[in-house]
Amino acid sequence: MKERNASILLAAVIIARASSYYFIKLGMESMETFNLLSTRFFLATALLAIFFFKQLFPMTRSTFRHGFVLGILFFGVMAFEFKGLLSAEASTVAFLENTSIVLVPLILAVLSRTFPDRWSLVGVAITLVGVAFLTGRDGGINLSIGEIYALCSALCYAAVIIMTAKYAATDDTFQLGFLQVFWIFVYSTAATFLFETPHLPRTGVEWWVIVVLAVVCTGFGFTLQPVAQKYVSTQRAGMFCAFNPLCATIMGITLLGEVLTPYKIVGIVCILLGLFLPIWMENRKPRNRAAS
């Protein structure tokens, strides 16, 4: 796949995933967290298995193991995201969750025992200022439980980005995407039997939400993101991922009636600056070397 086509695919994936915040909010008005997760990922798993059966086999043991690991991490992302959306606005959850982009360089630096890049540290500092403004209430930082869940989701998502990049070098990326979906279904089903009362969607609205989440946001979004990322540079992938909260914010304002306060606007600008600045500076390095 050419990088241009992969970039278009990744942009479509990001928009599809951003729309999930709205549909999750809508679905959780009448469905419990793990029940909604289980039904969504069961339908997505079934559809992918039916329409893409030939692409799923043969599957190596290595790919199966790696999919199992990614499934655990992505289940953490989704579970914390859903819990966060119960009490926090969709736009806030989206921006907090996507701070994972600036966490990745720090985690990689710790794992490799090297000092982080200067601009990565600057990006983290600006992002933290943005988080302070985004979550600020009554003149100070006051994280709600929903916002804490969103930050936990960000940590899990940072781990997903790192491990996906590692596994995509050797494994079939489509199979990895399918296994993520399958294992999230398994874990969420176990959770709904342990902590909730399992049941199928009961209304037309619930079924509509499940179908959109399963087909568009999961079947398309989750499965094809690893495929697109394989042909796109890490810097470009990071820039595309930063558009996720922007799309979610637009949908939150237009569809959910969310309000942008001055503090929230400053927070959003700071977080976007923190996300883009390290990527922009990284892209300038080759040009500077060429000029010298």
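From the backbone N, Cα and C atoms, a Cβ is placed for every residue, glycine too.
Features as listed in TrEMBL:
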{"type": "DOMAIN", "residues": "8-135", "note": "domain 'EamA'"}
{"type": "TRANSMEM", "residues": "34-53", "note": "transmembrane segment"}
{"type": "TRANSMEM", "residues": "65-86", "note": "transmembrane segment"}
{"type": "TRANSMEM", "residues": "92-112", "note": "transmembrane segment"}
{"type": "TRANSMEM", "residues": "119-136", "note": "transmembrane segment"}
{"type": "DOMAIN", "residues": "145-277", "note": "domain 'EamA'"}
{"type": "TRANSMEM", "residues": "148-169", "note": "transmembrane segment"}
{"type": "TRANSMEM", "residues": "176-195", "note": "transmembrane segment"}
{"type": "TRANSMEM", "residues": "207-225", "note": "transmembrane segment"}
{"type": "TRANSMEM", "residues": "237-257", "note": "transmembrane segment"}
{"type": "TRANSMEM", "residues": "263-281", "note": "transmembrane segment"}
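Of the Cβ pairs linking the transmembrane segment (65-86) with the transmembrane segment (148-169) and spaced 6 or more residues apart, 3 or more are under 8 Å, so the two regions touch.
Scored by C-beta pairs under 8 angstroms, the transmembrane segment (92-112) has its highest count with 148-169, from the stretches 34-53, 119-136, 148-169, 176-195, 207-225. Counting residues 6+ beyond its ends, the transmembrane segment (34-53) has Cβ neighbours under 8 Å at 24, 27-28, 78-79, 82, 174, 178, 181-182, 184-185, 188-189, 191-192, 195-201, 209-211, 213-215, 218-219, 222-223 in the same chain. Secondary structure by DSSP for the domain 'EamA' (145-277): 112 helix, 0 strand, 21 coil.
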